[in-house]
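Read the structure below first, then the notes.
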Amino acid sequence: MEVAALSPTSSPLPLLSTAPVHRLHLLPPRFVSGRRLRPSSRHQGVGCVKDGWGQRHSAPSVEPATQEVGTAVPREWSGDAIRRRFLEFYAARGHKILPSSSLVPDDPTVFLTIAGMLQFKPIFLGKEPRRVPCATTSQKCVRTNDIENVGRTARHQTFFEMLGNFSFGDYFKKEATAWAWELATKEYGLPAERLWISVFEDDDEAFNIWHNEVGVPKERIKRMGAEDNFWTSGATGPCGPCSEMYYDFYPERGSSDADLGDDSRFIEFYNLVFMQYNKKDDGSLEPLKQKNIDTGMGLERMACILQKVPNNYETDLIFPIIEKAASLALVSYAKADDAMKTNLKIIGDHMRAVVYLISDGVLPSNIGRGYVVRRLIRRVVRTGRLIGIRGDGHENPEGAFLPSLAEVVINLSTQIDPDVKSRRKSIIAELQREELRFVQTLGRGEKLLDELLDEALLSAGNNGNKPSLSGKDVFLLYDTYGFPVEITAEIAGERGVTVDMKGFEIEMENQRKQSQAAHNVVKLSVGNETEIVKSIPDTEFLGYDSLYATAVVKGLLVNGNPVNEVSEGSEVEILLDRTPFYAESGGQVGDNGFLYVNGGEDRKQTAVIEINDVQKSIGNIFVHKGTIKQGSVEVGKEIDASVDVKLRQGAKAHHTATHLLQSALKSVVGSETSQAGSLVAFDRLRFDFNFHRPLSEEELIKIESLVNQWIGNATHLETKVMALQDAKNAGAIAMFGEKYGEEVRVVEVPGVSLELCGGTHVSNTAEIRGFKIISEQGIASGIRRIEAVAGDAFVDYVCARDNYMRRLCSSLKVKAEDVNGRVDTILEELRATRNEVSSLRSKIAVLKAGSLASKATTVEPQNVRIVVENMGDVDADALKSAAEYLIGTLQDPAAVILGSSPGDGKVSLVAAFSPAVVKMGLQAGKFVGGIAKLCGGGGGGKPNFAQAGGRKPENLPGALEKARAEIVAAVSSSPS
């Protein structure tokens, strides 16, 4: 089968995949009928099927498979023609032609659309009634679980089209099989003698239909196991056998020992799933009342066959993109070596994926589906540069080449998705932005990576070790140069160098901790602060009106010490005469963005500084903290300052929402409450206030409702500068912890809020979009804290929670309003079950222990009875019960040491010594503690009884053997 699926909890883009290239991987919660393939007919022969929407008519007649049927394959079979013929073929047989669904599925269990049947999943599962008896589609699909194979094999793609015909209780196996044969041999004209069939090993019905009614010789029908030819939707639910059609490129090799898994000879192009059973809880199968058909034909695979090209990439569906990429790189695909062809194929494939994903609303980002797009785009950019594409591939070395390739994809899209052309402008703009953003750091990053790889190879050669790239180096490339870790690993792998992924994760975690710890640190100090401040005037803040400005560097500090120049790679603190960057104050975090140093008459960019924080120092001097990403910066240089627009907007939305929240609090719980602190971040707000008790659920709902009502009123904000006393007289509320001069800035939401505030705000409350309280809790005596989200963060939060609720409702099979009751019931049942299981386990363990008593070993000279045993998967409580039973059953002197692996990587150990053994100087606590260390744990207890645990169950057998040897040795050497 041809379609692969992604788990909803898995990483969107795994680095490696062991998936065979010719098999279907079932969708995670397990509902995917991969690619399904369907039949065609001339309205005569096998069985009968509905004509149109009501009349029955004869199913297709079947030409013997041993004869040539159909016409010769035309020289030109365009992809559009293959698609059209497929859909028209089934439309003529009563199928409704339905449009492709989006690449972003409605199904929350599926990351991206990877199969034609996905839009019909609710019908197949019986959750929705069928709207038509049978349908046919050409579905856009994206598969990214084995991206490393793209371009390297003949048929791996990230984007592909799945042609399918589906029956919802209408026709079944006989008609589907006959039509599949007719479509292949008559409609597409494939020679019958080149077609092979696979069936599930126990599906005699399908075997007989293919052989007796279709006429395929037995030697060209292969029975295959459940792994290949039985589809299931999960542990329970609809399932059924599959049948696949294969094209034989080398029939002259004969049928003896033919292996359909041999991709050099065969290509599977059509898959039929016969959904005929329901799998019950006990694993047994019962016939479905409504039997369904789900098929899939890979359009690119059929085009490869009919167009007689060696791989899917050279079909007219992809090759025009490849040709365009080759022309931009000034190379000829026909004359290119294998490595160049592979790179061109990667570009051709990935460009289709990113264009259709962006068209369906998936924009580049660092999370979820957006990360899929970002990674694919960056892979194309890097590959393009690798093969020689510079700039836009024409006359602009600073331009982007992805738009030129996207134009080709868009021109090919008419019959695939008509909406793509209408979204051309936004697709091109998004690709251009993303490419230019990546190119800014790609060149420097590639150079550094090459140097690091050279060092790794040299070091390994000198030391005789395997070459490896450290986690710190991988993190540097990721954090500073924007290299996705997957691309770093891919490039390193090409040169035989491994990547320390654990080290990378440690660096990521360290950065998160440092970022949190340093958030409130202002550092313009180390002794020389006073001298530099004397010579620098206060910074002029321009950020209320503009996010861009030209300024002059007035001072530079490294580790708190003034310097005149700082070079690439250094952490630096920059003092400017004027700035659009907001410095952290009033609870609002400092802006992020970039400073650009431009030199010469043409003002060519010579340095780039990434600003990740801005703080205020003595007086009103703004300290821009960042890293020099490119070039060097000197005191006195003119720079262009640019604030990150998206982050600023997030801060503005959360700051205005904070003002609305304070007003709502006073309205709901009383004007006596007052602010005790706040944080206004890009992605959230935190508001501390004085109050003597937790807020009730009803109060929180009223507060949320009020804030959202004010947001919906679309009120324009007003800002004024006035005398402090006038502001106070007008009723303005002062922000917590702020110091005010004689003149103050007043921010007003007319009729709602009036506060003294120097922060940045939206122009109209409607810009906030929405407000949601995330939590309310006490943080100190008489101090409560509310955390909330607004703006884009609000939308993200609500969407995420909606997805969680959908999954929960789907899992519990209840409506949203019934979830609480269902969960309470499940929890109560779980508690009762756990108690029952615990009791049963203890009883079972005691029963097992009873049989162990007779196996006790007697050790002289004092005839100590010893039992050392592995009790399997019993839990710690049951293990304790077993040990207590044994030590009570065996005559004194006796020693019992038991171990178990209850699951989840845990080890349980217990030691019980009778009084006589304790008198020998042996202590259960010390003994079992030493044994537990062998299992990666520890423990102890009393001299006569002790328990311990560990985290290495694989070491338990060896640990118990050591325990046996040590206890035997100890009691043997003990004096009588």
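Backbone N, Cα and C define each Cβ position, glycine as well.
Any TrEMBL annotation is an automated prediction that lacks curation.
Residues or ranges marked as region 'Disordered' by TrEMBL: 37-70. If you look up TrEMBL, you'll see 77-800 marked as domain 'Alanyl-transfer RNA synthetases family profile'. Marked as Zn(2+) binding site by TrEMBL: His655, His659, Cys757, His761. Look at TrEMBL and you will find 816-843 tagged as coiled coil.
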Protein Cβ atoms within 10 Å of His761 (Zn(2+) binding site), excluding its own: 25
Cβ contacts of His655 (Zn(2+) binding site) (under 8 Å, same chain, 6 or more positions away): Gln588, Val680, Leu685, Cys757, Gly759, Thr760, His761
Cβ atoms near Cys757 (Zn(2+) binding site) (within 10 Å, other residues, all chains): 26
Env. residues of Zn(2+) site, Cβ within 8 Å of mean position of His655, His659, Cys757, His761 Cβ: Lys652, Thr656, Thr658, Val680, Val747, Glu755, Gly759, Thr760
Nonlocal residues around His659 (Zn(2+) binding site), in sequence order (Cβ under 8 Å, 6 or more apart): Val747, Val749, Ser753, Glu755, Cys757, His761
